[in-house]
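Have a look at the structure below before the remarks.
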Amino acid sequence: MAIIEAVGAREILDSRGNPTIEVEVALDDGTTARAGVPSGASTGAFEAVERRDGDKTRYGGKGVEDAVHTVIDTIAPEVLGFDASEQRLLDTTLIDLDGSSNKGKLGANAILGVSLAVARAAADSADLPLFRYVGGPNAHLLPVPMMNILNGGSHADSNVDVQEFMVAPIGAPSFREALRRGAEVYHALKSVLKERGLATGLGDEGGFAPNLPSNRDALDLILVAVEKAGYSAGTDVALALDVASTEFFSDGAYQFEGRPHTPEEMVAYYTQLIADYPMVSIEDPLSEDEWDSWAHLVSETGDRVQIVGDDLFVTNPERLAKGIELKAANSLLVKVNQIGTLTETLDAVTLAQRSGFTAMVSHRSGETEDTTIADLSVAVNAGQIKTGAPARGERINKYNQLLRIEDELGDAAVYAGRTAFPRLQG
């Protein structure tokens, strides 16, 4: 038993230069650990509330000094003396202390920082890697890196509607080889863009952010890059999208590619896209409250492709349960800061997997050097992780942590590859 002896917090910067919170925990056996909390650019309306100061004279109102003081003055006195290994009890205490439905009283950023820092401290105290501490003896599956190599939408200053164009190295024999293939396609894409006189500036998540005539042009460029890198599209490397369609949905229509689209037109667009490209996954293809449209898309395409709920579910078990009942998706995007505690995150993943859904663990566009999500993806045997392009330190550190985990697992390590996408099988 290791007892929580001290809890501290500080304001740090995320990868976009905005403030976020870092929490540090000390145990009575001398163990210390810290956790940094990420922040999103395109956020779902139903996410747990991130607490910001609102003081326009500091960081344009985005400071988190109030959240820091909440950890030190309100949360710390309640959790000192807790057994750090009692994660569910700790998280339940934090949820009850907040008392709101969306963690808006204390702030999900304050709560999550404590939840993750305690988990890491408990793992270190037990002399276990975090993935093993959280996942137990069966944690062994290395995820397919869903690498966002071309950025649009809210992640880039470009005219491209779709937020993320990803490559998935499904044919690689190991995570190490998958990472290599993804990086080689990324560099090939830069070369292709340069050859065509297109911009090679980077978006928030390390992908290139050129202006393009259409979203299909982005996919076509990536296919050229896959071939240029020496790989076969669909066999070695597949494609995936995060449309983030809530960002361009208003008054019942999607402002997409220069004109309004009805939900039915969007479903038809995606159906044709899936027929034309080696697509394995589409995230947030429709707006976060268009449940019937989601169910329609799944009925049309769900036997062939993964339809991922991000803003739709916000890693919330209650919204996920509704989606399962309505057959509104077949995959869950997992973001720890959307729900605000490690326990609730694990509960959402368990519900998804028991219901036949896949799960994709994800970063946020505003990231820190924290690598928890790399361990989490292995802990829950998710089979998929989304943490940006193979560029920018806050993205690379997650990939590098997965390389270390693969080495640590040795012969027990299994790379998910094509099995991460059951609709590809057979």
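Cβ atoms are placed via backbone N, Cα and C, with glycine included.
These come from Swiss-Prot:
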type	residues	note
ACT_SITE	E205	active site, proton donor
ACT_SITE	K335	active site, proton acceptor
BINDING	Q163, K335, R364, S365, K386	(2R)-2-phosphoglycerate binding site
BINDING	D242, E283, D310	Mg(2+) binding site
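It is K386 that, of the recorded positions K335, K386, has its Cβ surrounded by the most other Cβ atoms within 10 Å. Distance noted between the C-alpha atoms of S365 ((2R)-2-phosphoglycerate binding site) and D242 (Mg(2+) binding site) is 13 Å. Nearest Cα neighbour of the residue listed as 'active site, proton acceptor' among the listed recorded positions (Q163, E205, D242, K386): K386.
In this structure, the CA atom of D310 (Mg(2+) binding site) is 12 Å away from the CA atom of K386 ((2R)-2-phosphoglycerate binding site). A separation of roughly 8 Å, to the nearest angstrom, links the Cα atoms of E205 (active site, proton donor) and R364 ((2R)-2-phosphoglycerate binding site). In sequence order, Q163, E164, L241, V243, A244, I282, D284, V308, D311, L333, S362, K386 are the residues of the same chain, not among D242, E283, D310, whose CB sits within 8 A of the CB centroid for the Mg(2+) site.
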